[in-house]
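Notes to accompany the following structure.
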Amino acid sequence: MPAPGSLSWLTRLHWCGRILLACRVSVLSALAGFLLFSFVPQARDLFDDISYGPLPYSLFAWGMWLLFFVYVFLIWAFPVHFAARAILRTDSWMIPSRLRDAVGDRGPGCAEAVGEELEHIRREIGCCIKWTPRVLGSLPFVAVFVGLYKSYEVAAQTQAALAPSAAAVVQLYVLILLNALFLAGFVIFVIYRQQFFTMSARWARVLAVVSALAVTVFFFLSYFAPFLQAGIAPRALVVPFLFGSLVFLGAALSWLGDLLGLPLLAGAIALAFGVTAFNQHFNDLRLIEGAPKDLARRQIELADAVARWKSANHCDGDRPCPPALIVAAEGGASRAAFAAATAVGDVLERSKQLPDQQDSPIAPARRIFALSGVSGGALGAATIRTALWDALSRNGAAPPCRRAPNYWFGATEGGAEARVASDWRACLQALVSGDYLTPAFIGLGFRDNLSPPAHIVSGPTLLKDDRAALVERAWESYYDDVVEGRASWNWNASRAVRSESASGLRRPFGYVAEALEQHDGAWLPMLLLNGTSVDRGTRILASDIISTKPGTPREGDIGGRAPLYPAAFDLFEMLSTPCPPAGVVHHACEEAHNGFSDVPTRRDGADVRLSTTAMLSAHFPVVSPAGTIRARGDGGQNGDRVVDGGYFENAGITTSLDVARALREQGVTPILLWVQNDPTIDLEDVKEAETPRPQLDKFAVTNPQTGEIPQFPPRAASTPRLQGAWPGWLQAFLAVVATPFEALTATRDGHALEAAETAQRRLQEMNAEARCVEGDCSLSASYFTFRMFRNPRFDETATECRALANAKQKPVMGVVSMSWWLSQSVQAELDSQICDTRNRRSLDDLMKRLTQRLR
């Protein structure tokens, strides 16, 4: 038989493509990590973690980060390399199974000829076969390098003014060096090991076995002890497991599929998803088992809430009342919660200077009537109210924090323990700075992809929890750790507890009146947490306030109740036994009211934990699945699904305005504070020559020079200031998918802008007749903001802001991570916004407004 000729370049290219296809599991693993660190700020923020102290000054930090690179080497890079090399050593990828069977049927001569041809091809593309596994194995280290570099670009913008950022920059230098050393070690191992090690093949197999065992242990811990696993591999350490743990299994299925001519890998994935799909109750909201504590006291009438608020503010008689503040905290995961904690914490500290402070020692939040939150803002609102509740239960106005956790950026400063125990801003920030990301990663990467039906998994185990429930438990445990000085990461300690023994974020939602009745003159803000209905697209609210109020002829209600929140669902109504069709009259259930009086026993759904109601608003795509709400009775067939509240409107202002209208009807003057967390550019900070197409500050609500409220877009203008018309190469390439997705995502902020403009007008109209009779009457504004500026202007007159104002290089708030964990440098950036002159002016004006008494 004549010797085969040399392959053409096109044929060689074809075979190289076949090689990548054969190594598809390794390619996907390496590529996914590269894309993660290249385009996801949340992943890059992991490298700024100085919870254990910054490198190179902390032994704990050295242990953590050395372990990270060991994981990258052993759990990610080596499996990617070894699996690809093992597959390419076989012939199953070179010839389809049907052709292989046909060759066998033709006799030994044909098989011998085919074998020779395959050997010739191997020689021709030997370089590609040899180097593909090596390059793939090196890509995880390249991906880490990209993440480190991009993280440095962000941290370097604030290092001159913020100590955590400066520490992060030094740490990043060390991590870059460590990454290079481990990459060099990996390259030496895979290329030159035969020159340095005897029995190299044996040692490679030993490493493969060790890696497989480590992955197996991780896999089972993720199912049976997820919080123990979160402690073993927190934050950055979990990434190698996410991308490398299933490489061996996936590669084995891929090889066997090629050998048998069956799509075993795709079949295994479909089977795992199918098993989870049959688990119809996997994404159900976590409910507190047993009967509710007291249906008559779970929610409160608006009029009753107003009366209690007036009592706490000493205006329940003829004395005029101050304005009632409603705080709207927009969505944005932990970033939103931290921003809300910063703004509200500062208001609580400033409230110590109010004229009636001595008369209200146990009501630090007496001016705040309600907290409306979306997504991460809902977590912030729930945490703030819970902290106020715990402070009240200790008969004092001091913050309830007893420990300064390492996750909080201020923990390394002197006197941190004393600060969180006395300063509301520090305490609230510490309470929302935990690591909630690792449990979400564990659920997303493992548990949620293979979850057997509930009737197979019995007993009170964490196997029934999806990743949303894991995040809820992380919130609960971390809150307990800070307030009580104890951690509940053990899965047994995190089991559901009875409502009467619950505390912290495990406390059942509602029952505010019960707490207030135990303390004269006390006050706790009402919670308004906003989710979005999948079926209807409207709001789903977890509210302390009953969703109806006594009707009036003007509202078209004759002898009944009117909705407090038009076109919105109340969570407890949804969880209750459905109203029979015959009992619905004029869109109202006759059994739910007795004339103008509410019948709370009709809302007979189970109690729900505070953590679960916060997650009700935070079911953001991918990170958390849609939650399932099931009505009581009929086997749970009736219900709805709930997703992130930002789908409807990302600010929480729509619900705030509903409550504001009702307050005005009660004779109270409502005002609004909108807490934002997305960095924006103020046009005054942009130089035309440097940035020809600046991003508009979409959240600008007042002109800082004139104080006027502009329209959006500005009127009249021939062409308003816009961004670039060209979307960029990536979006242009994926326009069919990317453009609609971007538009849908942008509606979160667009709806918030619409709600903000409406709130400004409505508040101005409804408060026009309010007359100031006490306090500083120079202000009449009803709308205030706390914003995140990309280019903050620090107030050098304030003592706590002087160092920031005098820094040689002013910090620039660039790409800020939005996930369920924030690095200390990002926390410091968010906290520094309290020193921005525009924010300080807004909060100064707000406090002046809160000193007023109005008629």
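From the backbone N, Cα and C atoms, a Cβ is placed for every residue, glycine too.
TrEMBL: automatically predicted annotations, no manual curation.
Keep in mind that this is a model prediction, so the values were computed, not measured.
Feature annotation from TrEMBL assigns transmembrane segment to 21-40 (among others).
Annotation source TrEMBL lists transmembrane segment at 60-84 (among others).
According to TrEMBL, the transmembrane segment annotation covers 131-152 (among others). Outside the transmembrane segment (131-152) by six or more residues, the chain places 16, 19-20, 23, 26-27, 30-31, 33-34, 36-38, 41, 43-48, 72, 76-78, 80-82, 84-85, 88, 168-169, 172, 175-176, 179-180, 182-183, 186-187, 190-191, 240, 243-244 with a CB less than 8 A from a CB of the stretch.
Long-range contacts of the transmembrane segment (172-192) within the same chain: residues 47-48, 55-56, 65-66, 69, 72-73, 77-78, 81, 133-134, 137-138, 141-142, 144-145, 148-149, 151-152, 155, each at least 6 residues beyond the stretch ends and with a Cβ under 8 Å from a Cβ of the stretch. Look at TrEMBL and you will find 172-192 (among others) tagged as transmembrane segment.
As annotated by TrEMBL, transmembrane segment applies to 204-226 (among others).
For the transmembrane segment (232-252), the list of distant contacts is 23, 25-26, 29-30, 32-33, 36, 43, 46-47, 49, 64, 67-68, 71-72, 75-77, 79-80, 82-84, 86-87, 140, 208, 211-212, 215, 218-219, 221, 265, 435, 437-438, 441-442, 445-446, 821: same-chain residues at least six beyond its ends, Cβ to Cβ under 8 Å. Among the features that TrEMBL reports, transmembrane segment is placed at 232-252 (among others).
Annotation source TrEMBL lists transmembrane segment at 259-278 (among others).
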(message) At a C-beta cut-off of under 8 Å, are there same-chain residues at least 6 beyond the transmembrane segment (60-84) that contact it? List them, or none.
(response) 23, 25-26, 29-30, 33, 50, 52-54, 132-134, 136-141, 144, 171, 174-175, 178-179, 182, 185-186, 190, 204, 207-208, 210-211, 214-215, 218, 233, 236-237, 239-241, 243-245, 247-248, 250-251
